[in-house]
Amino acid sequence: MILGIDEAGRGCLAGSLFVAGVACNDQTALELLKMGLKDSKKLSLKKRFFLEDKIKTHGKVKFFVVKKSANEIDNLGLGACLKLAIQEILENNRSLANEIKIDGNTAFGLNKRYPNIQTIIKGDETIAQIAMASVLAKAFKDREMLELHALFKEYGWDKNCGYGTKQHIEAITKLGATPFHRHSFTLKNCILNPKLLEVEQRLI
């Protein structure tokens, strides 16, 4: 059985970071692939929520989602929050899988304690369990930002999901940051260095 891990909200200026872990066998993963499972960034919002429901209600799928708030990211740092979230998933699910696959190029040093960890760049495009984790994390992030958009409509969170789009940056410059913005280096840097917008927009 494979445990796949992925995140959503890493490059955002607002809202939480969500890290998800999904464990299932290859046969179950194939069932989800036949339903249209792929990297969450290539799915519509409606399709992500549809697959989220299928993953969460499937009897042979085990999942775990960890949320790290904007406040935690400001206080601890993004890297520390990612490591803590992945560690929490591993501590709760390591007995479920003999293989652990994380999207990206770093295991944040956790491979010393969990030697069966494998990091895979663009793993959400090649490993079904990582794609499933990607869908869950992104669906949780989508839902959070839609709820926050109802409170702060000027920032366009229903469209940009907290990323640093032109509209979002302009709203921050004009209205200031909300309690749900990350008041750390990322936020300040994006306002002072507009060139970073291109990088942030690619992450949407």
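Cβ atoms here come from the backbone N, Cα and C positions, even for glycine.
Swiss-Prot lists Asp6, Glu7, Asp103 with the feature divalent metal cation binding site. For Asp6 (divalent metal cation binding site), other Cβ atoms within 10 Å of its Cβ number 29. According to its DSSP assignment, Asp6 (divalent metal cation binding site) is in a strand.
According to Swiss-Prot, the domain 'RNase H type-2' annotation covers 1-197.
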Open item on the list: Beyond the listed site residues Asp6, Glu7, Asp103, identify every same-chain residue whose Cβ lies within 8 Å of the center of their Cβ atoms for the divalent metal cation site.
Closed with: Ile5, Ala8, Val19, Ala20, Ile102, Gly104, Gly123, Asp124, Ile130, Ala133, Ser134, Ala137
Task: Cβ-Cβ distance under 8 Å to Asp103 (divalent metal cation binding site), same chain, at least six residues away - done: Gly4, Ile5, Asp6, Glu7, Thr119, Ile120, Ile121, Lys122, Gly123, Asp124, Ile127, Ile130, Ala133, Ser134
Task: Protein Cβ atoms within 10 Å of Glu7 (divalent metal cation binding site), excluding its own - done: 24
